[in-house]
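Below: the structure, in structure tokens.
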Amino acid sequence: MGRCSGRCTLVGICCLQLAAALQRQIFDFLGYQWAPILANFLHIMVVILGILGTLHYRSRYLILYSIWLALWVAWNAFIICFYLEVGHFSQHRDLIMNFNTSMHRSWWMENGPGCLVTPVRGPPLPLADHHMVTVTGCLLDYPYIEALSSALQIFLALFGFVYACYVSKVFMDEEDSFDFIGSYDSYGYQAPMKTSHLQLQPLYKPG
């Protein structure tokens, strides 16, 4: 019963991770954030692998899923520090997130709740200047929205990591018990004795 509840909980967590990752992938596509797009794609693939491992009793899949979740937590912690400008990440924002291939930033920069976008009037701006509009009136600035999204990913990943370790341990314990039972049966098995095809007959001595 405990194993079943653990498996069901892990599948539920994986489904929540898929939903959150797909939602994030859509907004990253809209903002042309290529580095997060690649990371989200890998995350979706590994989460699907974790679901398959849970449903088909594959402990190795769950171990791989657990390792990826540790990397995923580190990546999202980096994104939180990045958007909250911890250290010198803000100096290379465009280069890191979109590989410096476009003039876009986060989709939430211009489409956040309550944001009012005003085009910049005046002489043409150089291509290196990405500030083509002014954004005012946002109820929540886009760095905080991105940080909250990453915090949600970390929250789900931590729960997934704990349950994946638990379920994979249950699977490995069951595999070990099956191997032990199989080896015990092999020792207890006795091969049938071969019967001789020679037939003994009484020898009569002539009188």
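Yeah, the Cβs are placed from backbone N, Cα and C, and that goes for glycine too.
What Swiss-Prot records for this protein:
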- 2-22: transmembrane segment (TRANSMEM)
- 35-55: transmembrane segment (TRANSMEM)
- 62-82: transmembrane segment (TRANSMEM)
- N100: N-linked glycosylation site (CARBOHYD)
- 147-167: transmembrane segment (TRANSMEM)
Check: Residues sitting near the transmembrane segment (62-82): Cβ under 8 Å, six or more positions beyond its termini, same chain?
Finding: 36, 39, 42-43, 46-47, 49-50, 53-54, 89-90, 93, 96-97, 146-147, 150-151, 153-154, 157-158, 160-161, 164-165, 167-168, 171
Item checked: For the residue listed as 'N-linked glycosylation site': DSSP state (helix, strand, coil) -> coil
Note to self: Cβ under 8 Å, sequence separation of at least 6 from the ends of the transmembrane segment (2-22): give me the contacting residues as numbers and ranges.
What the structure shows: 40, 43-44, 47-48, 50-51, 54-55, 149, 152-153, 156-157, 159-160, 163-164, 166-167, 170
